[in-house]
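K.L.:
Taken from TrEMBL, the feature repeat 'PPR' covers 161-195, 196-230, 231-265, 266-296, 299-333, 334-368, 369-403, 404-438, 474-508.
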Amino acid sequence: MANLVRTNVDNEMVKAVAAVVLKGHWDNLLKPKMGSFVTSTTISQALLHISQNYFSLSWSFFQWAESVPSYKHSLQSSWTMIYILTKKKHFKTAQDMLQKVAVKDFLSSPTVLNALVRSNLNNDVNSHLLSWLVIFYANSKLLYDAIQVFEHMRVCKLMPHAHACTTLLNSLVKDGLTDTLWKIYKKMQKIGVVPNIYIYNVLMHACCKSGDVERAEDLLREMEFKATFPDLYTYNTLISLYCKKGMHYEALCVQDRMERAGVCHDIVTYNSLIYSYCREGRMREAMRLFKEIKDATANLVTYTTLIDGYCRANSITEALRLRDAMEAKGLYPGVVTYNSILRKFCEQGQMKDANILLNEMNEKKVVPDNVTCNTLINGYCKIGDMKSALKVKNKMLEGGLKPDRFTYNAMIHGFCKVKDTDGAKEVLFDMVRIGLSPSYCSYSWLVDAYCHLNDEVAVVSLPDEFTRRGYLVDVSFYRAIIRRLCKRGKIDGAEKVFHIMQTKGVLGDSLIYATLAYAYFKVGKVDVASGLLDNMYRRRLMITLKMYKSFNASYSDENTLLDMFWNNMVQRGLISRTVYDDIQQLKILY
């Protein structure tokens, strides 16, 4: 059979094909005389014609045609069969077939969707099909395609099913696309989608992930207004949000409301509230709640939260006692539990105890993770045992774990602490080599170490050393070095680095100019400071709210001088009055 597409369907040919199928003489369609006139469009129309009275026959014929070696169903004939299956309520078969077609064909294209929807004008069936398509794309992490299908449904005034809406919104939450989620939700409301408890729960989860308390409270009011009663998941999500934001009283109010609504707590409810107490260091209240757990069973998360809380409250003895109680109940600590105890030992410099714990993990087949290794490395770096820190790093690599920014920063800090600037520098270069960007702290520790050794020349030569090794030196590098030198009062060194930066063609940003200007302003060189501020103005470099915060955090003990400096900046037009007023209102300007 030829797979040709014709715009005008020959009704006589459709009837002829249908007659052949009804009589059971299917092989006649393979003969050249008739087969050359049978197109995919003919097959589609014949399937629709036959299915009106003989659905099973139409499905059998479709499967038979699919098995013919010389013939392949087009998207048009496949879609027609899916349409027929859906109309006859064979939903599972239709869904399976739709998924296979969606994998092969670009169904989310507006042009393709438009042609498919127009080929069969039953809106209920089309709503089914496109809703399934949204679900398939969303579950396949093809969010752009899922949104395109949803948008087409909206344009065609086809109502998406609640399950499709829930799946799409949930996928957006998982991918952290909160802004897109709220835009899609508004569009859903406009086309008449009535949110059910599942949609509301997804929206509540989005609020929890983004920490948006105000919107979560608005959602709860909307649910009440629409008589959609919150369930256990709704309440747990809201309690978790309040607990994460440190709003313990509000979390307890939700718990009380939950009880009055007749919704029983589960262990997730208790775990959130216990976490809130532990976060605030209120271990007595946390243990009281732990002992009051009813209609639920404490799990690994419960014990780990409490153990971590005791460790943070400097009660390592209680943490270890609780770990023993946990094991006695048949719950065995995982790597997260061990990491909490390990962190406390390392913070206190008890590296012998930390190693005993590590051996215990090994005996119990608990595999260390990045947090375990970083905690040990940081512990060794704090006591200046860089040899042991390097051993842990090597074991980390042997175990298939990748050192991260925390690993490198801990080692840079450790080498600087023992005044091994060469070691610190090598770690810094290694960090850059693997594609990690050093932070302000990474550079500032190295600057501090050189300054303690009175080796300002080494700091000034750092840009050239980076260049010689083939690493790109961007503005963030110069910003960090200049800021740290200025903070330490090494203005001459900062000026030299600033000059090198300019000769390399790197343009300074607002923070670099403001830092240098303030350093000169502080030592009474007002003319030099003014010259830098004039350059800022010429380049239209403005101070933002974020820069204000960063600056004031660095010079928090110099409030009066800072006030004078910022007023000078406002007068020069380097800080907008709006930003300045916001700072004053938020009391960020000390």
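Placed from the backbone N, Cα and C atoms, the Cβ positions cover glycine too.
Let's see these features in context: how buried, what's close, how far.
P.N.:
Beyond its flanks by at least six residues, the repeat 'PPR' (161-195) meets 127-128, 131-132, 134-135, 138-139, 141, 143, 146-147, 150, 154, 202-203, 205-206, 209-210, 226, 228 of its own chain at Cβ-Cβ distances under 8 Å.
Sequence-remote contacts of a segment are chain residues at least 6 beyond its ends whose Cβ falls under 8 Å from one of its Cβ atoms, and for the repeat 'PPR' (196-230) they are 162-163, 165-166, 169-170, 172-173, 176, 178, 181-182, 185, 237-238, 240-242, 244-245, 247, 261, 263.
The helix, strand and coil residue counts that DSSP assigns across the repeat 'PPR' (231-265) are 26 helix, 0 strand, 9 coil.
Long-range contacts of the repeat 'PPR' (266-296) within the same chain: residues 232, 235-236, 239-240, 242-243, 246, 248, 251-252, 255, 258, 302, 305-306, 308-310, 312-313, 315, 318, each at least 6 residues beyond the stretch ends and with a Cβ under 8 Å from a Cβ of the stretch.
Outside the repeat 'PPR' (299-333), and at least 6 residues removed from its termini, the chain residues within Cβ reach (under 8 Å) are 267, 270-271, 274-275, 277-279, 281, 283, 286-287, 290, 293, 340-341, 343-345, 348, 364, 366.
Beyond the repeat 'PPR' (334-368), the same-chain residues lying 6 or more positions past its ends with a Cβ under 8 Å from any Cβ of the stretch are 300, 303-304, 307-308, 311-312, 314, 316, 319-320, 323, 326, 375-376, 378-380, 382-383, 385, 388, 399, 401.
Model confidence over the repeat 'PPR' (369-403) is summarised by a mean pLDDT of 93.
Long-range contacts of the repeat 'PPR' (474-508) within the same chain: residues 437-440, 442-444, 447-448, 451, 456, 459-460, 462-464, 466, 515-516, 518-520, 523, 539, 554, each at least 6 residues beyond the stretch ends and with a Cβ under 8 Å from a Cβ of the stretch.
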K.L.:
In the repeat 'PPR' (196-230), how many residues does DSSP put in helix, strand and coil?
P.N.:
27 helix, 0 strand, 8 coil
K.L.:
Six or more residues beyond either end and a Cβ under 8 Å away: which residues meet both conditions relative to the repeat 'PPR' (369-403)?
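P.N.:
Sequence-remote neighbours of the repeat 'PPR' (369-403) are 335-336, 338-339, 342-343, 345-347, 349, 351, 354, 358, 361, 410-411, 413-415, 417-418, 420, 423, 434.
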K.L.:
Which numbers of helix, strand and coil residues does DSSP report for the repeat 'PPR' (161-195)?
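P.N.:
The counts are 26 helix, 0 strand, 9 coil.
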